[in-house]
Amino acid sequence: MSRFYEIRIMFCLQGMILLTMAVTVKSLRPTCANGVCNKASSLQIAFFYMSLYTIAIGAGGTKPNISTFGADQFDNYSLKEKKQKVSFFNWWMFSSFLGALFATLGLVYIQENLGWGLGYGIPTLGLLVSLMVFYIGTPFYRHKVIKSENLAKDLVRVPIAAFKNRKLHCPNDVLELHELDSHYYKSTGTHQVHHTPIFRFLDKAAIKTCSGESPCTVTKVEVAKRVLGLTFIWLVTLIPSTLWAQVNTLFVKQGTTLDRKLGSHFQIPAASLGSFVTLSMLLSVPMYDQYFVPFMRKKTGNPRGITILQRLGIGFVIQIVAIAVASAVEVKRMRVIKEFHIASPKQVVPMSIFWLLPQYSLLGIGDVFNAIGLLEFFYDQSPEEMQSLGTTFFTSGIGLGNFLNSFLVTMVDKITTKGGGKSWIGDNLNDSRLDYYYGFLVVISVVNMGLFLWTASKYVYKSDEIKDFSGGCVEMEAKALDTSPLTIQL
């Protein structure tokens, strides 16, 4: 993984160098005179997009793998390191948000006041330094060797084999299913996964038949079950990802209509309020890690304080409250609009932009439970040889959430304007009903929360967790799994 990460960060560095050149080299940027810029040439546009796509290729490889590689540095069979690993994702996300805060406040100021070349040059230099640090640290990192082959092929083969054997009776005795000897797994250094009573229809892929075709092993079937279980959880996290997308879209649009003056001369950019999401998150992470977790650990005996799915549930509830607060603020804004007879989209509503602070802050607090919890959950619960897939679940959920947000906005706008009606999300927000749209988001979020609670109640955690953190011996969880979770039997 380290070699793959090295290649991808090189792509990021190359892309940032190209992007810095695009805003500094005269022949690569449009010429401007008296504040008016000429249209960019085809070559300039192509060079600009090439630099962006180079960065995207690099980020597509580093983002799903960097957190996984960091978590792999902790030994699951060491009492001390296992305990430290519980806090890793909290502080990894903390550092990421700290960098985002510097970018939104510091780099944006540098770009607008000191020059775009310097604004892009600083993160380029930072990437170069990080690559050098990575090279220096490479001999000291732990490198997990993946000994299983054709993992993706096995994921496809299991459901196909189960479908072919759909008419066969699945034996009640697990020992009748195909599995290799445990000595094979020990000799090859691979992980044997024991049978679980979930998704029983997939067990048919391991039925021994007389066709001559080698059936799937129980281990391969269990890996497929694990990925399928993660997929169910992933599906019910898409709506929360959609809610988070409001920060950079409708929340900003709300802010542009309000009074943004701070003093007699300074006006707050509407998008700058997004930094309060980061600030509230940065303040909440130390409190969560240093106070909440130890307190709950004493109450529950769980090394994490609460289970990962409980953490996600709390985060989702906070998100719903944040959108409900946004709806209430919008109702207040509509009353002010009605009181002062405001109709033009350019008229400023005499209401301070700081009314939006609670919804931004709540989303930041929710991220401590939601965003970090999602990253930890998908990494922790992924099959041993496929933990990069877990962080891919996390990043893809965020991306699809943004897509769903755009889709919802477009569909709601079309439906509400049908037949000459007033759009809930029109270009003129002073003559729209954004409060209705926020209410709609609350309703679908509550419904999704119900689905999440049902799915979470059926979910079976991996059975290789270290349960005792108090000292002495390390107890490995090896109890029989509940027979009810996520069971789809044939």
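Every residue, even glycine, has its Cβ placed from backbone N, Cα and C.
Automatic, uncurated: that is what TrEMBL annotation is.
Annotated in TrEMBL:
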- 1-27: signal peptide (SIGNAL)
- 43-61: transmembrane segment (TRANSMEM)
- 88-110: transmembrane segment (TRANSMEM)
- 116-137: transmembrane segment (TRANSMEM)
- 227-246: transmembrane segment (TRANSMEM)
- 266-288: transmembrane segment (TRANSMEM)
- 308-329: transmembrane segment (TRANSMEM)
- 360-379: transmembrane segment (TRANSMEM)
- 391-412: transmembrane segment (TRANSMEM)
- 436-454: transmembrane segment (TRANSMEM)
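The stretch with the most CB contacts under 8 Å to the transmembrane segment (391-412), chosen from 116-137, 227-246, 360-379, 436-454, is 227-246. Nonlocal intrachain contacts for the transmembrane segment (436-454), taken as residues 6+ away from its ends with a CB within less than 8 angstroms of a stretch CB, comprise 236-237, 239-240, 242-243, 246, 250, 312-313, 316-317, 319-320, 323-324, 326-327, 330, 412, 424-425.
Two recorded stretches are said to be in contact when at least 3 C-beta pairs lie under 8 angstroms, sequence spacing 6 or more; the transmembrane segment (308-329) and the transmembrane segment (227-246) meet this definition.
Counting C-beta pairs under 8 angstroms (sequence separation of 6 or more), the transmembrane segment (88-110) fails to reach the transmembrane segment (43-61), with fewer than 3 such pairs.
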